[in-house]
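Annotated in TrEMBL:
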type	residues	note
DOMAIN	131-239	domain 'UBP-type'
BINDING	Cys155, Cys158, Cys175, His188	Zn(2+) binding site
DOMAIN	280-799	domain 'USP'
ACT_SITE	Cys289	active site, nucleophile
DOMAIN	587-628	domain 'UBA'
DOMAIN	662-702	domain 'UBA'
ACT_SITE	His761	active site, proton acceptor
Amino acid sequence: DSEGGLYVCMNTFLGFGREHIERHYRKTGQCVYLHLKRHVIEKVPGASGGALPKRRNAKLFLDLETNSDLNSDDFEYEDEAKLVIFPDHYEISLPNIEELPALVTIACDALLSAKSPYRKQDPDSWEEELQASKHAKTLVQLDNGVRIPPSGWKCSKCDLRENLWLNLTDGSVLCGKWFFDGSGGNGHAMEHYKETGYPLAVKLGTITPDGADVYSFDEEEPVLDPHIAKHLAHFGIDMLQMQVTENGLTDNDIKPRVSEWEVIQEAGVKLKPMYGPGYTGMKNLGNSCYLSAVMQAIFSIPEFQRAYVGNLPRIFDYSPLDPTQDFNTQMAKLGHGLLSGQYSKPPMKSELIEQVMKEEHKPQHNGISPRMFKAFISKGHPEFSSNRQQDAQEFFLHLINLVERNPVGSENPSDVFRFLVEERTQCCQSRKVRYTERVDYIMQLPVAMEAATNKDELIAYELKRREAEAARRPPPELVRAKIPFSACLQAFSEPSNVEDFWSSALQAKSAGVKTSRFASFPEYLVVQIKKFTFGLDWIPKKLDVSIDMPDFLDISHLRARGLQPGEEELPDIAPPIIIPDDPKALDIDEPSVMQLAEMGFPLEACRKAVYYTGNMGAEVAFNWIIAHMEEPDFAEPLIIPAFGEVASSGEAAFGAVGLDNQPPEEMVAIIISMGFQRNLAIQALKATNNNLERALEWIFTHPELEEESEPALDMMNMVNNANANIPAETGSEGPRIKDGSGRYELFGFISHMGTSTMSGHYVCHLKKEGRWVIYNDLRVCASERPPKDLGYIYFYHRIPS
């Protein structure tokens, strides 16, 4: 509540605003609540120039926290706590030992002194304050003439060019090993300290006008160096000219005028702030920009707006006693925060005048802080629950999976993204074909680097870059590869080789090729540019390319045509089951593993997906990943049980028929994740001897079973809906699709800045009311130069025919 404070139930310890507390009392019968209210004492200039306290109520939002900087020196707090007894609203001020039982007093004290749950969830974001080093004031620096260049650093004892540390005594540049930032190295910086006793080192690449990362070998911890500017100047480093970087190059070196950081964020251009409904920013909680960018795009889609914000009163009425653990409640609250306009208001004229008079230009603290949403949606996920940067595409699929599993009434908003892919596989020797269909949500376009239109410029740039690196000079101005969109679309439609293809016509392995086409076109087409790949060191890297993405896209020519006259189908025969001599020997299709890993999934999870789907290809393994992303051991290393041992439910190998002749639950889960009902999945697997690929074909070739299974389906829906928060109407069998024309118009894109999915920053551009708008965390402005050629994920909506 904006003025009423927070009411905490003393039985469940759940917090409520003033408008919800009465409903909670009526719903649960709980009558004892702790009422918390914070008053902010704002310092305002007095007549003598001093600061006079000005008392006002703090605005407390349960989940949509405003971003006012209440921790600044302009504010002080005064907290008020009372015990409130319902239904008479009898209030008891705290502390009050005389009137309250000892147990109640202890409970109130424990609650008032408890640490914020957000600090418990995000311990990495609440770091201890660094202390000044005892060596900083008396540090001796050798006058040895060492001068550190602005770039091209390398460890003086090995060839490492990352995680380099400058010893502040003698100017040695050496690699780290176990320092607090977690980077790897050969430990030469520590060896140097043990040999010389020189205590302080600064990490190269972290030096900015505001400071740098300093480590004390003697004190064995990161420290502050109050004299860092003087210590760096001794080696010719001017802090005012340095900016933070990743690989030992200053921002001025690696971010020239064509830097993607500047272009994507539209730096250097005066952008007009936008306010009102749909123009609300989101606070970055520490590498949470991937979440903000995806959610801004999601809630710009009418179907999601209707499902969650339009149904907000109904969702709240059906919410469980603990709304913090309900997906639909959290989605509705987040959508309301983004679309209501309550948290995106222009500054009052009086505030602007005050800023001008004070010669201050403080940014407006609009926007919401999605802490509770992030805490819930990332719960149990090994990657999203961390404070590390994540892949926006992976988070998008994770969100769609949660939407699928948490129906909100009869409308499933994720239906707008779903489409069917027809895959045509041909045996190169027999020329026979097999047609299959699968469900997908994203069109992944490969980057056709060989089709770059500026190859000569790229070759010349690479030569200059190598020369500059060898001479330890700043690199030349970046030249970015220019790739035609038509070349990427052509690469998508071309046949690809099928690794380890088993031909049922030959009853043996053979060469096979596969082509993909759209069996249906979605209402909203999501296009991912496959910019991320793996380097020789197995670290994900990004292709820095410019692709001329069209405003209007027509992919009608990619419509699937099915079996053509003159084509002969491959026999419906499953490959033989081969039991290896060594049951623990791993036979994993590594190309499929790499294809999944390039999507951003953890490498070990990709290996498990390929193994447990019997090396049936990346598509089938992808569905396994979607069905198992919530498991706590999702990213744990693959462990193969010995032959004869019973595997866990998460490790049941496909193809193994249970003693009760029931299909493996893993196969059933994958088919259900594609949108089919459980009873149909079991029936299809039994009819095909638990062959997943044939089971999918069987479902599509037996549409008459949809009507036959209606009674069982109705019963299943009744059971499922008993646990749902909102009653859902009976749905039809098979994947729900919204087929139509293949003509689309661009309305949004998400861009990534940085070298890999493990680092960098995400920004979202959306077209609203005929103009482009940039969403950069809390900053929401009218876009002047939308960088449509540098996007990572693009959002298109269908043009009505």
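Quick reminder: no glycine exception, Cβ is built from N, Cα and C everywhere.
TrEMBL: automatically predicted annotations, no manual curation.
Model, not experiment: these values are computed from the prediction.
Mapped onto this structure are the features recorded in TrEMBL.
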residue	record	contacts (Cβ under 8 Å, 6+ apart)
Cys155	Zn(2+) binding site	Arg161, Leu164, Val173, Leu174, Cys175, Gly185, Asn186, His188
Cys158	Zn(2+) binding site	Cys175, Asn186, His188
Cys289	active site, nucleophile	Gln389, His761, Tyr762, Val763, Asp777
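For the domain 'UBA' (662-702), the predicted model reports an average pLDDT of 73. The DSSP breakdown of the domain 'UBA' (587-628) into helical (H, G, I), extended (E, B) and coil residues amounts to 29 helix, 0 strand, 13 coil. Taking all protein chains in view, 26 other C-beta atoms sit within 10 angstroms of the C-beta of Cys175 (Zn(2+) binding site).
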